[in-house]
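Summarising the annotation, TrEMBL assigns active site, proton donor/acceptor to A:His181. Annotation comment: TrEMBL describes A:Cys250 as active site, acyl-thioester intermediate. As annotated by TrEMBL, compositional bias 'Pro residues' applies to A:63-87. Summarising the annotation, TrEMBL assigns compositional bias 'Low complexity' to A:88-105, A:113-125. The annotation region 'Disordered' is assigned in TrEMBL to A:55-125. Taken from TrEMBL, the feature transmembrane segment applies to A:12-31.
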Amino acid sequence: MRSRRAVRALSELCLTSGALVVLFVVYLLYWTGVRADSAMDGEIGRLRDQWARHGGSAAVAPPTVPDAPPGEPRPDAAPPAPAPVPAPADGTGVTAPAVPGATASPAPPASPAPRTGGTAAPAAPPRAGAAFAVMYVPRFGTDWAKPVLEGTGLDTLKRGLGHYEGSAPLGGTGNFAVAGHRRTHGDPFKDLPRLRPGDAVLLTDGTTWFTYRVDTRPYRTAPTDTRVLDPVPAAAGYAAPGRYLTLTTCDPEWGHSHRLVVWAHLETTAPAAP
Amino acid sequence: MYPWIWRHLPGNAWVKSLIALVLVLAVVYALFQYVFPWAEPLLPFNDVTVDNNGMQAVTP
């Protein structure tokens, strides 16, 4: 009789813990995604409302980005600029590689990139946890749009991508660094390993469109390797100061032993509401 | 445990089933709302930044 009760208790324990594990998997794979998707849609909707109120006609769809064939600069891709903005005297941000995507090593500085000065950096840094930009990556799908929030806290990353506090502002000289979940919470950076040199990463802050070009294949590194966030990340092959973008996520897909990093440089900027 | 709960639920079998269902839903709600969000950071899926603390340390 006693052994019978023990067996019964044991089987109940197994059933209960099994159900717990299944529920937890459902929570991770499904429920966090549902919550994150609605939170991210909400953030994007709030941003667009805000831009519509303050900025006249807001940018609601990315401009058509020509998938520039590697090695061929597309002068017509640049927006019609009223006048070329003079390059900063210190030469920062004017050496965009002329051949985006041909190689991961830095292309020799060719010509000053058109219009990468002036309109870029916002005046005040956004409030921690607040969304301030929307990112589009055509490689991830035409409907892929995620909000970028200030900070990389756990709660922030549940509502979108996180901009590393202390890294450069969007479009500014230095390194604009963004982290995102690869798995769970909407899987925003699930396809980060599929990014290839030459891919476009578009960002808008409501007034300006920033088009970044990916320069490197996904780079695997240690979690403590903060040098990937340097203003001039050497591992990307950049040599001169410029306006760079860094995307980080975890690697392997479900683990945390490494990080996956992709770098891009600012190619063009365009006014969001011409 | 489960037979003990079943025996202590009031009413006939139908009422018992209904109460049991409500109990199960309440437990699932508590798990999704409180327990799993607490347990999740203990798992590796949240580590998507390179040394978060180090980066914030250099922030003024």
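Backbone N, Cα and C define each Cβ position, glycine as well.
Heads up, TrEMBL stuff is auto-annotated, nobody curated it.
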Near the transmembrane segment (A:12-31), which same-chain residues lie under 8 Å Cβ to Cβ, leaving out any that are not at least 6 residues past its ends?
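Long-range Cβ neighbours of the transmembrane segment (A:12-31): 184.
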What is the separation, in Å, between the Cα atoms of A:Cys250 (active site, acyl-thioester intermediate) and the residue listed as 'active site, proton donor/acceptor'?
7
Far apart in sequence but close in space: which same-chain residues, 6 or more away, have a Cβ under 8 Å from the residue listed as 'active site, proton donor/acceptor'?
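Listed in sequence order, they are A:Ala36, A:Leu157, A:Asp187, A:Pro188, A:Phe189, A:Thr249, A:Cys250.
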Under DSSP, is the residue listed as 'active site, acyl-thioester intermediate' helix, strand or coil?
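In the DSSP reduction, the residue listed as 'active site, acyl-thioester intermediate' maps to strand.
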